[in-house]
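In TrEMBL this protein carries:
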DOMAIN    344-367  domain 'Clathrin heavy chain linker core motif'
REPEAT    604-750  repeat 'CHCR'
REPEAT    753-895  repeat 'CHCR'
REPEAT    900-1039  repeat 'CHCR'
REPEAT    1046-1191  repeat 'CHCR'
REPEAT    1195-1336  repeat 'CHCR'
REPEAT    1341-1487  repeat 'CHCR'
REPEAT    1490-1633  repeat 'CHCR'
COILED    1670-1697  coiled coil
Amino acid sequence: MAAANAPIGMKEVLTLPSIGINPQFITFTNVTMESDKYICVRETAPQNGVVIIDMNMPMQPLRRPITADSALMNPNSRILALKAQLPGTTQDHLQIFNIEMKAKMKSHQMPEQVVFWKWISPKMLGLVTQTSVYHWSIEGDSEPVKMFERTANLVNNQIINYKCDPSEKWLVLIGIAPGAPERPQLVKGSMQLFSVDQQRSQALEAHAASFAQFKVPGNENPSILISFATKTFNAGQITSKLHVIELGAQPGKPSFSKKQADLFFPPDFQDDFPVAMQISHKYSLIYVITKLGLLFVYDLETATAVYRNRISPDPIFLTSEASAVGGFYSINRRGQVLLATVNESTIVPFVSGQLNNLELAVNLAKRGNLPGAENLVVQRFQELFAQTKYKEAAELAAESPQGILRTPDTVAKFQSVPVQAGQTPPLLQYFGTLLTRGKLNVFESLELSRLVVNQNKKNLLENWLAEDKLECSEELGDLVKTVDNDLALKIYIKARATPKVVAAFAERREFDKILIYSKQVIAAFFFVLAFSGVMMCDLPFYVLSSWGIISPSCSLLFGEFMHQLFMTKLFPQVGYTPDYLFLLQTILRTDPQGAVNFALMMSQMEGGCPVDYNTITDLFLQRNLIREATAFLLDVLKPNLPEHAFLQTKVLEINLVTFPNVADAILANGMFSHYDRPRIAQLCEKAGLYVRALQHYTELPDIKRVIVNTHAIEPQSLVEFFGTLSREWALECMKDLLLVNLRGNLQIIVQVAKEYCEQLGVEACIKLFEQFKSYEGLYFFLGSYLSSSEDPDIHFKYIEAAAKTGQIKEVERVTRESNFYDAEKTKNFLMEAKLPDARPLINVCDRFGFVPDLTHYLYTNNMLRYIEGYVQKVNPGNAPLVVGQLLDDECPEDFIKGLILSVRSLLPVEPLVDECEKRNRLRLLTQFLEHLVSEGSQDVHVHNALGKIIIDSNNNPEHFLTTNPYYDSRVVGKYCEKRDPTLAVVAYRRGQCDDELINVTNKNSLFKLQARYVVERMDGDLWEKVLNPENEYRRQLIDQVVSTALPESKSPEQVSAAVKAFMTADLPHELIELLEKIVLQNSAFSGNFNLQNLLILTAIKADPSRVMDYINRLDNFDGPAVGEVAVEAQLYEEAFAIFKKFNLNVQAVNVLLDNIRSIDRAVEFAFRVEEDAVWSQVAKAQLREGLVSDAIESFIRADDATQFLDVIRASEDADVYPDLVRYLLMVRQKVKEPKVDSELIYAYAKIDRLGEIEEFILMPNVANLQNVGDRLFDEALYEAAKIIFAFISNWAKLSVTLVRLKQFQGAVDAARKANSAKTWKEVCFACVDAEEFRLAQICGLNIIVQVDDLEEVSEYYQNRGCFNELISLMESGLGLERAHMGIFTELGVLYARYRPEKLMEHIKLFSTRLNIPKLIRACDEQQHWMELTYLYIQYGEFDNAATTVMNHSPEAWDHMQFKDIAVKVANVELYYKAVHFYLQEHPDLINDMLNVLALRVDHTRVVDIMRKAGHLRLVKPYMVAVQSNNVSAVNEALNEIYVEEEDYDRLRESIDLHDNFDQIGLAQKIEKHELLEMRRVAAYIYKKAGRWKQSIALSKKDNLYKDAMETASQSGDRELAEELLVYFIEQGKKECFASCLFVCYDLIRPDVALELAWINNMIDFAFPYLLQFIREYTGKVDELIKDKIEAQIEVKAKEQEEKEVIAQQNMYAQLLPLALPAPPMPGMGGGFAPPPPMGGMGMPPMPAFGMPPMGGY
């Protein structure tokens, strides 16, 4: 069966390898698909990760580096569940992540391993362990809940599925296990069904199962069904069944009867079994999918087989429901994601035709609303109607597929049925059935509503509209409007009857809703465009809301409107626009404020206001509604657009004339900027709004005229206005204001100057005030600017202005606080001004150092009081300057003394003393200083001054200098130097003034005092200074120190400091001289330990000849330390004497060995002292000198085992292993070191004492035998190494050692025990080199099972030319239990290289166990093209396979194989390469090849290829087969062939069926063809192309008059037809003339025809035409007259009906109260009495039947 006609369609949605999924991960354990939304793949190489494939965009997979054992995507949302086993346990850790939020939702640690899990709902996970089943909700913090225990039939089963019904009351668990022993290949299926309510399980045999809901007729609640498929093997028979059973039948309700059917498996699929089952809820079909790709389709209700086919050549392991399309997805091992869907156009014809099951076809059509059963349904309906089974007919019509019976004809058919007494009318039965099934269409809704309205049962309409049972239309609204306006409005809205909606709102005076509704109409239009794909982008609801088209307040209205919009997908009367101007005028008459709101709503409409703003404003102004007009304009002019300039001016004008305060507020708000500013300025000036006028005038004269009205202008506003003027204009206006009223406007000018001084310039403002000599203004202006200015001139001018305006306090403040005025200038000004208050001058002089000038000014002006006040209160610190100036001014001493005493302790003594000392008036301060001392002053300056006075008076100065602790020694000493140097020394000694004392003693040759001072000071820096070589007095000082100062000293510290100083100064000879005097001569320090050490050390350094004498004479010194110093000084004999004197034998022998380098003296010394330590040092020295044997002897004498490492190393270098053995035997007695024992074994081996080795290793030892063995092996001592390796059971090393000894059999045995790849390789390679191939093969078989070592073995064999042996090895390896892909692949490579005759057989036998890419490379290198093609096919690289076949066709080409390859290639270019290939090599088969590629190639390109090759006819069969595609190139090629073959029948058929070609070109080509039929075809082409004239001309040329007449008739061109008539007359073709009149009847004008006939005497031939014409026109006139009469009758009847309705309404309005409804019409009160005849209202009488209550509908 062709795929296009199959009831189930299959298509490949995706291939997992195409998006980077490795084929090795396309397995049941790695791939999951929980719904039709996501596929999840778990990868473990090259790194762990999870790939999430969104089926909406499959080519953009999401990859995440996640390590898990399993991963499941939620069926609905981007939620990922992960499962991983905890290391070292059988527990699983479960986690749930929200991918979009990047957050973990839940996690849980299961106490047992989860063997299977699945999403059973979007909120629930099912977890299956070895013993139980759990449910885990993703909501909240709940843990998995145990649902049931697994039954025994599922033990040792692999769980493959777990499902639940929609209510989660029924659960089913499915598993598979190996089959029976007699047929193990048939897998056994087991199922456990569990009831949650009953808490019971039932064990069944089944491979696949699924739940479904089905509504049984007569039961309003759906039944829960389970369908399951089984395949069992019993008594040698295979039974395959499908079962459908109801679960939990409802008591007292109709139940579903159990169904079962056979599953028929073809003979080739006897071991196949179901792996999945999906149920289409859309079509109620059961899909059973088997492992090998078979699909069984059954009807759910009847279990009838519908279809069977193989949908996949590869095994299917996973399926998922595709609920949206009523099909399912499946994934096979190749990675194909296949989608199976119902072919809606063919399934019903298939069931009815192929299966001949008409009932099932009708049921399928009704359930799925499918086409194909129309005739059956109609036929069945007519049968039921004929049988008066109206209820069944109504149900059939209601459920008819695609609503084929829901037509006016059906309604009329039910209406025509006479009503039986006591029975429900069939029409009502029909409508009731429709209402229970769903929604009525337009015609049905109208008919039903007409019945309800006639019976005045409006509540039924309301209920049906609320339940969306009726299809709203304008006609329905008109009908309902007669009984309920509100309900009619709802219907109009749903029906999108825009004019009626607007009219209804206008009647209700709800004008605002008109605008809202208009917006929604436009919004819905855009929404439909976006929804239907007309627009290129989506426009969701929130976008329309952001545009202002939809507001939240109208969401209900919009929702109802949009619902109706999408129910019909129609949109008439888009953008309906009501008469807004009329509506506005209507509102304005009664509600001005409402009119304002309405106008504002119009202004906010999308697309702009429908009425001009100026027109709206004029409407308000015409009724003198100034405030309303202003409110409207202010709102609409908020955007402040340039095009609104006129309206801005207008709103300001009307308010400046009527309400100036409103205009002022508008201008103050600043919302307008485009109005006529000069006009507004004039109006503002007239209205007294001077500030606004100033803001709008732009000319200086206008501004000057207005600005002088300061009495009417708020000062602050005026000041702010000045900020808008330029500098020049502002200064001009300020001048005018000062000229007009200096006193009155001064404050404003000052304020302006303060505010805008930076813009105007401070200098300009100052000049302005100075111009008018307004120091007051200058004072106020500068006062505000002073704090921010640093200009000295401004500060001075402010001081000047303040002084001239009498602001003395301000002058005092500024002079005191300001830091920026010119002090000299200010001082001079204040002295010249002679202010009565001297404080400003005092501030200036005190701050800026003019105290002498101040004192002189105050003294000469007799202001002694200010002098006293300044000194006492202002700044006592400047009193010395005041005293000095007073002394210069010859002020009386009494006043000065009194001034000084009045200040007392506040007065600074030092500057005062300096001032008096400079003027030689120091004695003036005697009384003041003594007074301070008596008060207990410790001020150094006081005592310094007093000391100077005592020294000058020579009043016992030594006493003062030695007893006074407060004076400064440097100051007083300096004062004494010129008067008495000895007093200076006393002062300097007291203050430790080293530099000053040294200088004064050097200058005056007082070296003895200097030496005593230096020794007593004990200061290192001072000693360094005086002992400096640059000191010219150093020698004199040293003499005094050696001869006087140190001998006098009794302090060890002083002696130590002096010695240290000499040492530091590098004076060794002087130091020796000093120390000999102290140490060798009898003194208090003769036996001092340190001094003796120092004397010897100094001699070592300065005079080595004295050292030996000092060693012999002195005993109390540090021998070891001095000896080391002597060694360092290379005084080795002295050092040896010192060590020997102090019995330091080791140090002494070290001197002999290391320094004197005399081993003989050392040996002699060692024999004399006989100490182990000494022998040890001698042995080490001998060892260093290479005297190994002597050293070993010395070590043995010393019994020293510490240097065994050095001894071992030296012995190995000297090759004295016998001596080493003796030494190591001694060492072993002292230490237990692995090194010692190891070296002893090695020494035995070196001297070939193998027996001692065997004895030694049997004895207790700590030797590292492994290292020793390795060392012996490395040095080729294989026999000794063999002993060691055998003893320690190191079989690997032993085997290699035996290889070196050529003992290959033993080596193989040892390698077998070692069982190490490396060992096997070494032994194997050695055997290969020795040509021991049998042993080599034994080793090789143990190597090649390791993938990593296989290539190394192969290369080793091949490099040595052992090809046959290698192939034998690999062939033997095929049978190994651990044989892997590498062995099979490597053997294939070897066959390709060395035995190609076996290659193909090997590939076919083991194609699934080969590394195909590697073998492909080998075959390519060795040019085995047939085998290479086969490998490419197996690997799925069909592009490469096709290329190989074409490039190497002699060996690789096979037609059937190549056809299979060609349809699977991915590179389109290969199709055309294949065409070229077949054209060149196999032209006889090219059509067969092209037919295979017909669906994949570009036919135009194929034709071009063949045309260029000149073999277009060769592919004629192919082009005929594909011409149905109507491709231009194909059509033209075939037409060209038909022309060449003169096959005009085929050519005409081609032209008729396929019009995509160059019609004019073909016509021009064949219009001159020698065959008449060809020329006729050309005329036909011209006719089809609309070139009527050319077609007619060609037909006339060939005398084909019939064709010419038909062409003229079809052209519709009157001129052509009449020209043809003339032609026939000219040619004398009277019969043709008559025929043309009838053929072109509709085109030819009667007058023309008659005129031509009359002129040419052909009236007889035109007479039949004339009769026909007269008959036609008389018939038309009769119809017009009849229509006119009927129209007049209808108009009269309608007018009469309207009059009667109005009269009846008026009658009820007069008789009944307003609050009561109208009484029911006769016959409509709920009874069954017939209504009265309505013939008087233009309607025929109603049939005699009543309408029952319709509440049930």
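The backbone N, Cα and C atoms fix where each Cβ goes, and this holds for glycine too.
Confidence annotation: the repeat 'CHCR' (1341-1487) carries a mean pLDDT of 88 in the model. With DSSP classes pooled into helix, strand and coil, the tally for the repeat 'CHCR' (1046-1191) is 112 helix, 0 strand, 34 coil. Secondary structure counts, DSSP: the repeat 'CHCR' (753-895) has 112 helix, 0 strand, 31 coil. Summarised by DSSP class, the composition of the repeat 'CHCR' (1341-1487) is 116 helix, 0 strand, 31 coil. Summarised by DSSP class, the composition of the repeat 'CHCR' (900-1039) is 105 helix, 0 strand, 35 coil. Counting residues of the repeat 'CHCR' (1195-1336) by DSSP class, helix then strand then coil, yields 108 helix, 0 strand, 34 coil. Across the repeat 'CHCR' (604-750), the DSSP tally of helix, strand and coil residues reads 107 helix, 0 strand, 40 coil. Counting residues of the domain 'Clathrin heavy chain linker core motif' (344-367) by DSSP class, helix then strand then coil, yields 18 helix, 0 strand, 6 coil.
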